[in-house]
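Let me begin by presenting the structure, written as structure tokens, before commenting on it.
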Amino acid sequence: MSRRLRRTKIVTTLGPATDRDNNLEKVIAAGANVVRMNFSHGSPEDHKMRADKVREIAAKLGRHVAILGDLQGPKIRVSTFKEGKVFLNIGDKFLLDANLGKGEGDKEKVGIDYKGLPADVVPGDILLLDDGRVQLKVLEVQGMKVFTEVTVGGPLSNNKGINKLGGGLSAEALTEKDKADIQTAALIGVDYLAVSFPRCGEDLNYARRLARDAGCDAKIVAKVERAEAVCDQNAMDDIILASDVVMVARGDLGVEIGDPELVGIQKALIRRARQLNRAVITATQMMESMITNPMPTRAEVMDVANAVLDGTDAVMLSAETAAGQYPSETVAAMARVCLGAEKIPSINVSKHRLDVQFDNVEEAIAMSAMYAANHLKGVTAIITMTESGRTALMTSRISSGLPIFAMSRHERTLNLTALYRGVTPVHFDSAADGVVAAHEAVNLLRDKGYLVSGDLVIVTQGDVMSTVGSTNTTRILTVE
């Protein structure tokens, strides 16, 4: 097999396109590492069926594929129109009325499903409808009515989203539907659970408590899509530290903070998440044109490549695989771009946290292993023998061109590490401990074709294989 492994992972969204023509198997075979189930669409039965199919195919192909359940979150939308759609011109007066019923909207007014909107806005605020395609300036608020003037005109149809420029809408991050979907996530046994529109760390802590109460021990993903989540370093850190994974959800975030600010925020989020030992997913419109075209645009290629250069763990596909005409081709194209970007030498340079003091032995071992790996001539791989996947995560926070093999007896741990940049999960179960187990792990990787005789490898492990958090040893071994 090729000695070169793709380091950046691919998250693919399931939907009607992956339900037909054996596309799900094709998508996983093409390189999907994580599948996303969007709880905004479909029934619990649909999600359970898809999850079962993913696990069946992954086992058949000998892959470890993580399952991510994505909660819908609060959807702040206009209601519906009598004719289904209206066209608003610049200068038109337009009323958002929280008391107006469904199907009563027209060119002068429409209902809103978020009844707290009038309390969240003041004259002068800019409301962005349909991802900013239509923009309204608030003139006055009277009771449950928000009087506005159209500043950017265009068509407006049923159930389009509402954002406030600069953020500040106070809708709670978890709805009753989300709480029901957490039960579904627990039933399915998702590996990751994504929380939409969190305002602060406490929203994520609340989601984690609800998940635990439901019997779901999934890692929590913070979808960063509100302006207040990135308004300063403290707000950003609050979100990151309360999560296990950060998703740079560029759609709603870009609408709220403005597209020109998005580039810097993406880079800052990725950099800070890595510093705080969190994984990162970069999402939204990464290969949007491939919904209907068999090849990506040059701009999309550059977007994916730049996310790789930023240090993201994973790049995500949404409608491209859920509803597109070329789901497996899109995954294959994204994989090629990732591999191309990973050839650039600068992404393997690391400062190794030389100015940081570590809080625990596990992190110290992970960092020392990576320092040795990047500075000892001839090292070809890092092997982390792990119960929880934590050591694999921490080693992957340090930039390196070397593969990291997460070796565990636990299927869930292997699925979790499928998301981490540069980490290849490999099932390994041994009754031995210490150096005997280390040699067994090295021999297994050699037999699988990942290593060859004479390779120099670095192994991290604990004294006892079955104890979580016990990593305390680094070994340097030569493959026999």
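Just so you know, glycine gets a Cβ as well, placed from its N, Cα and C.
Since we're looking at a predicted model, the values are computed, not measured.
For the ATP site that Swiss-Prot gives as N38, F39, S40, H41, K160, the extra residue drawn from R4, R6, R7, R77 is R77. Together with R36, K223, G251, D252, the substrate site in Swiss-Prot holds one more listed residue from T184, T282, T284, which is T284. Other C-beta atoms found within 10 angstroms of the C-beta of D70 (K(+) binding site) number 26, with every protein chain shown included. Here is what falls inside 10 Å of the CA of G251 (substrate binding site) among the binding-site residues N38, F39, D70, R77, K160, E225: E225. Within 10 Å (C-alpha to C-alpha) of E225 (Mg(2+) binding site) lies none of the binding-site residues H41, R77, K160. Secondary structure at G251 (substrate binding site), taken from DSSP and collapsed to helix, strand or coil, is helix. Each residue contributes its Cα atom, and for H41 (ATP binding site) and D70 (K(+) binding site) those atoms are 10 Å apart. Sequence-distant neighbours of F39 (ATP binding site) (same chain, six or more apart, CB under 8 Å from its CB) are H47, G69, D70, L71, Q72, K177, D178, D181, T184, A185, listed in sequence order.
The two recorded residues, S40 (K(+) binding site) and R77 (ATP binding site), have Cα atoms 14 Å apart. K160 (ATP binding site) is surrounded by 17 other CB atoms, counting those within 10 A of its CB over all protein chains shown.
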